[in-house]
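Per TrEMBL, the features are:
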type	residues	note
REPEAT	6-102	repeat 'Solcar'
REPEAT	112-202	repeat 'Solcar'
REPEAT	211-290	repeat 'Solcar'
SIGNAL	1-22	signal peptide
Amino acid sequence: MATASSSFTAIFFSSAFAACFAEVCTIPLDTAKVRLQLQRKTPLPAPPATAAAAGGGMLATIMCIAREEGVAALWKGVIPGLHRQFLYGGLRIGLYEPVKAFFVGGAAVGDVSLLSKILAALTTGVIAIVVANPTDLVKVRLQADGKDNTVKRSYSGALNAYATIIRQEGIGALWTGLGPNVARNAIINAAELASYDQFKQMFLRLPGFTDNVFTHLLAGLGAGFFAVCIGSPVDVVKSRMMGDSTYRSTLDCFAKTLKNDGPGAFYKGFIANFCRIGSWNVRMFLTLEQ
């Protein structure tokens, strides 16, 4: 990744570009993930085709969305997704090296400790998602729209969604789900950035490995898998709170999900999530590294 000597502006825009490129490539997987995370054991009555797909996995969900709503529906939320990645992707990576330098005193020589990397990634993840939460909310609502067991909002697009939410629910509603979103993104950001940094450092110590595309690819996949394993439960809670306004709080959403759907519900959409985050990480880090 970029070094602390690189300017924040250069890192921000290169990170934002890399994140936006990865988002465009992986948004269908993210849409499938959100639909799977919003599935419940006792959904409202659905048309036969939709009901048949409700128990399916990633591919069945993607095929059902394409068949019932059109292929373009798989890219629902891509505009706020790009808004999100420009802000979140730019800030979380752009701030990572300066914050890491702050935690080690700015004058560390040699390898930085894993703890310092985790603390830096947690901090930048929190800062970035507090700024980007409104874009995440709109993205999830657009992706969830059209699913039978969620409220049908029928936004005409991203800008209409922002305006409608402010007009009908107040500007504070743009930060709905901020609690689980902060937890989710702090955890995933720490897992992605710190583990990517750590995996890359580990591979470079092994014979035959150099700082090349193959090393970056392996480190990106490892970081993605680690992030999904740790972050999936809070990701499900975040998606449910943003997609369904009936939950009163983060704890209420967690308790109802556990009671009604069981602990396995917190890993709904795991394969879609890993395919998305794993491939997202590979594209993003490869684009950024090159």
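In case you wondered, yes, glycine gets a Cβ from its N, Cα and C as well.
Model confidence over the repeat 'Solcar' (112-202) stands at 86, taken as the mean pLDDT rounded to a whole number.
Taken through DSSP, the repeat 'Solcar' (6-102) splits into 78 helix, 0 strand, 19 coil.
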